[in-house]
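Asker: Have a look at the structure that comes next, please.
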Amino acid sequence: MRLATLILSAAVVAVPLAQPLRAVAQPATVAPNTPAAPGPVATTPESFAPLARKLLPSVVNIQTSQTLQARGNRPDAPEMPQAPPGSPFEELFREFFERNRPPGARPGQPPRRQQSQGSGFIVDASGIIVTNNHVIDGADEINVVLHDNTTLRAELVGTDSRTDLAVLRVKTDKPLPVVPFGDSDTAEVGDWVLAIGNPLGFGGSVTSGIVSARGRNINAGPYDDFIQTDAAINRGNSGGPLFNVKGEVIGINTAIVSPSGGSIGIGFAIPANLAKNVVAQLRDGGRVRRGWLGVNIQQVTDEIAESLALPGGARGALVARAQEDGPAAKGGVQNGDVILKFNNQDVREMRQLPRIVAETSVGTEAPVVVWRNGREETLRVTVAELPAEQQAAAGAAPQQARPGAAVELSGLGLKVAPLSPETRERFSLREDARGVVITEVSPGSSAAERGLTAGDMILEVQQNRVSTPQEVQEQLARLRKQNRPSALMLIENGQGQRFVPLRLQPERSGNPG
């Protein structure tokens, strides 16, 4: 049963959330002549009122509307021709089109307007406003309500769906109050924060809390690095600022996790240091240019690190494929490399690399430290611009293997065969496919647990290319002789390429067959 839902916190409708509460003050009791116990270090502000008073004028409510076509007005709904009123054709046409219109269509339904609300904040006195992309996505009309209730029509400057950010502009005859971005990297778990926004349409709402966690990945996009907070965030807070106690924006409130749709103290904000560059590019050019390396990567697990003799355990990003003619391949990056550093920044885990590369200026010649063949190497890669669209090539799904002559990889639960016209046809393999084809996977084996199936291709064993079953056996024998606990195989199927570590079990006596 699913208990919680990730909610992008833009509001469509407002509902009451609480009943009136009665509170009775209890008199304090103090034991006579008892010294007061030492209290905690006073780091909590006595009141957030001065800070809130200063910041509120820079936070805005955003109201959007869009036209939704009625289902009966869909392009696939047949259009009834006009007939003279009262003629027999009028009734005939009406009956025919009633019987043949698409399910759910209603004749004569007019388009309807849908309104929603969100939050934003002013970053330039001339009228530049930052919010979430999902707050204004698809809107026909965007209005901004200032703290003094002035309503201004907003122009969309640019959006970035990958980070869920948008920049708006309003025209005003007077300078508007602004708030600055802070350094979100300095925010620590336990720091006090304020969230200001328009929850459920209640503009100018201020809530407080702390930074609950850093670096959260909520699968919202390719560059997830959210700040988690327990400050109350609800529908309508989307796009609003998360402030530190110095009055700097350290995050943009974006999403909550909730079983009910209301705040339960788990909210997420885009860190300011990620937003700054995006906002600047949207403001200046209306779009974002991102760095691109041209690699398919995967997580380095403990087993993969062990099989590669990578010191320091699982870290970095494993290159499953360096795209042909991509920046990485041109710079010397190879399949099987583990990228440990990019442009002098440590890559502690796989998901950090896309973000670091994306934030690197196009044209930068970046040093890349990789782990290859048991040692570190430093390469230099010129960062290119991320293509507008990247489509992964997908091949045909492999079919089940027919029993036949194959070589068993003893201790791995695999049978493999060389490429041939028969195996290419049997598993719908491409004409340019290379490597050794897996023809059988034993249930319950290490290979089965790793998701290998008949029709998958083994391209490399321990970063050495293989083209025959005998070459695979030779590589496995070499690893066993070196007392390696596992073998790292580069596997290809219709979904792409990935590295798979397989535990080396003791080889059975007798000849493989």
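Heads up, the Cβ atoms here are built off N, Cα and C, so glycines get one too.
Below, the features straight out of TrEMBL:
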type	residues	note
ACT_SITE	His134	active site, charge relay system
ACT_SITE	Asp164	active site, charge relay system
ACT_SITE	Ser238	active site, charge relay system
BINDING	His134, Asp164, Gly236, Asn237, Ser238	substrate binding site
DOMAIN	277-350	domain 'PDZ'
DOMAIN	412-494	domain 'PDZ'
REGION	66-89	region 'Disordered'
REGION	99-118	region 'Disordered'
SIGNAL	1-25	signal peptide
Asker: Which numbers of helix, strand and coil residues does DSSP report for the domain 'PDZ' (412-494)?
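Answerer: Helix/strand/coil tally for the domain 'PDZ' (412-494): 23 helix, 26 strand, 34 coil.
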Asker: Through the lens of DSSP with three states only, how would you label Ser238 (active site, charge relay system)?
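Answerer: It is coil.
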Asker: Counting every protein chain present, what is the number of Cβ atoms, excluding its own, within 10 Å of the Cβ of Ser238 (active site, charge relay system)?
Answerer: 32
Asker: Rounded to the nearest angstrom, how far is the Cα of Ser238 (active site, charge relay system) from the Cα of Asp164 (active site, charge relay system)?
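Answerer: If we compare the Cα positions of Asp164 (active site, charge relay system) and Ser238 (active site, charge relay system), the gap is 10 Å.
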Asker: Which of these recorded positions is closest to His134 (active site, charge relay system) if you go by CA atoms: Gly236, Asn237, Ser238?
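Answerer: Out of the listed candidates, the nearest Cα belongs to Ser238.
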Asker: Going by DSSP, give the three-state secondary structure for Asp164 (active site, charge relay system).
Answerer: coil
Asker: For the substrate binding residues given in the record (His134, Asp164, Gly236, Asn237, Ser238), what is the largest pairwise C-alpha separation in angstrom?
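Answerer: Between the outermost Cα atoms of His134, Asp164, Gly236, Asn237, Ser238, the distance is 15 Å.
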Asker: For Gly236 (substrate binding site), what is the tally of other C-beta atoms lying within 10 angstroms of its C-beta?
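Answerer: Its Cβ shell of radius 10 Å holds 29 other Cβ atoms.
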Asker: Within 10 Å of the Cβ of Asn237 (substrate binding site), how many other Cβ atoms can you find? Include all protein chains, please.
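Answerer: A 10 Å sphere around the Cβ of Asn237 (substrate binding site) contains 33 other Cβ atoms.
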Asker: Mind looking up the mean pLDDT for the domain 'PDZ' (277-350) in the predicted model?
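Answerer: Reported value for the domain 'PDZ' (277-350) is a mean pLDDT of 93.
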Asker: Within 10 Å of the Cβ of His134 (active site, charge relay system), how many other Cβ atoms are there?
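Answerer: Summing over all protein chains shown, His134 (active site, charge relay system) has 22 other Cβ atoms within 10 Å.
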Asker: Using DSSP, what's the helix, strand and coil tally for the domain 'PDZ' (277-350)?
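Answerer: Looking at the domain 'PDZ' (277-350) with DSSP, the answer is 19 helix, 20 strand, 35 coil.
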Asker: Once the DSSP letters are reduced so that anything not helix or strand counts as coil, what is His134 (active site, charge relay system)?
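Answerer: Going by the DSSP assignment, His134 (active site, charge relay system) falls within a helical segment, counted as helix.
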Asker: Let's check the environment of Asp164 (active site, charge relay system): how many other CB atoms sit within 10 Å of its CB?
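Answerer: Looking across every protein chain shown, the total is 25.
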